[in-house]
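Below is one structure, written out as structure tokens; comments come after it.
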Ligand SMILES: Nc1ncnc2c1ncn2[C@@H]1O[C@H](COP(=O)(O)OP(=O)(O)OP(=O)(O)O)[C@@H](O)[C@H]1O
């Protein structure tokens, strides 16, 4: 398996077509792991479920056998009414009544436990998916195959409640069959052979179609994601504005129709073939049943079997066949579910590449030298182009460095490398002379605060929106208030009807939406939530008006006097406040120096600066 866990796609479609029956059965090997997951979720409910289902499995045979005894007793009494007491008969009837009530009660209890356990398993799986996704690397999220895998894993949580009860029912029916088969063997073992001949072809047929279903759904994963995305674009508060002004509705509906129609026709085709073949094999099953019935009737007529035994055997055979058919039909969905389980477990197997070393170096407090880039190169895994290359410079401790460059020059990439969201592909980054990879990752994350240009607008309260900067202190109201004061967001918050408890965004009740600049002020406060030694502002001020941005950075410079800071801005009025400015051009360092030095050089910086200044003239 590669880094993204993509073994599936590597397997060619032709090879998939030839997937053997054994391979299909092999999917069932995921079931023990699933049981382990259920077991871990809630032991007592799992045990309870097992006990109830085993008891329920014995019910059909017991009811049939008591039924046989009743008929035989009735026949006996009717032949010799005078000398035969009816006491035993009524005892048997009472027993059958008791068994019938018990069976109903067991069914109810099983349904209840299934649904409770199903919900718990679905929640447990969702939590595990979220936890695991959070542990993965950022570049794993930028891979579409990874997304398909994540999507299939997510679907598990919805379908798993059903799978759980199906697997349990399957096991229960298998035990029921064991009981019924034992009864048949005692009376006439040949009937079992007849039963197998009648149902095995149907079994193979079901498993074949089950595989076709899985392959169809598997092949649709990526289209299904697109379908979900279009559905979201077409009906969401966030997109409504653009959908209206660009009149996108027809375009979206059309695209939705094309994909969903294809889904429908593929499904119709497969389901129809499944129905036709299924009916033919069911006919074969009925023929087997009636052949067995004829044999039993003949044996009864010739006096080999009693009438009670006739009823018992015919009933057992019918019940066996129904149970077996139930198993077959369920077999489809169980093996299908088991194949999907493989996707879930595959997802859990994807391991992050970026980990903390076993024996991390202590993080320097305070940072003494700073961050040194040594011939650093980086390209995104889905691109052949170097986003950054041959980068050599030192960000000195306590320095304020501004990054300048045209769109796509590599500024954000540089910042992501500093925050160790990615590791360099070439070269290394040293912090106080030690490779960044040798420090503990979570310590590094605590010591480096970053606010990105595409920061999240959480549909949560103002307070929570600020607290995400240091979520372990989400209840420290003073800290949140200080952060808001420092980012100049406080006057804005004071004007809100519910202040810090104001819900933001339109998704939830009483939520209010903010302007782009207002959102930025709130997001900026996150930077002040923790006492990080390196603070990075990646253009989170682009929506602020020029005066507001100037004030924010003045404040920023003041508040980060003893800290190291990196800021990215396209406004030169802001950039010139930094101690030094690093100009990036196509991923490479073009110039570095103070505002005055760079102007004197009359290079790229001077060119960009004059271009902007000319715009204001
Ligand atoms: N996730 C990604 N996957 C692939 N390529 C990417 C990714 N992010 C950025 N790139 C590419 O890397 C290069 C550098 O991008 P980066 O975002 O660092 O530029 P930037 O200087 O911050 O640009 P801007 O001023 O527009 O924010 C660009 O060519 C961009 O297309």
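Cβ coordinates are placed from backbone N, Cα and C, and glycine is handled just like the others.
Here TrEMBL flags 51-336 as domain 'ABC transmembrane type-1'.
The domain 'ABC transporter' annotation in TrEMBL covers 371-611. Across all of the domain 'ABC transporter' (371-611), the predicted model scores a mean pLDDT of 89.
For the transmembrane segment (179-204), the list of distant contacts is 21, 57-58, 60-61, 64-65, 278, 281-282, 284-285, 287-289, 291-292, 295-296, 299, 305, 309, 312-313, 316-317, 319-321, 323-325, 328, 331: same-chain residues at least six beyond its ends, Cβ to Cβ under 8 Å. The transmembrane segment annotation in TrEMBL covers 179-204 (among others).
Listed as Cβ neighbours of the transmembrane segment (290-314) (distance under 8 Å, sequence separation of 6 or more from its ends, same chain) are residues 64-65, 67-73, 75, 183-184, 187-188, 190-191, 194-195, 198. The feature transmembrane segment is assigned by TrEMBL to 290-314 (among others).
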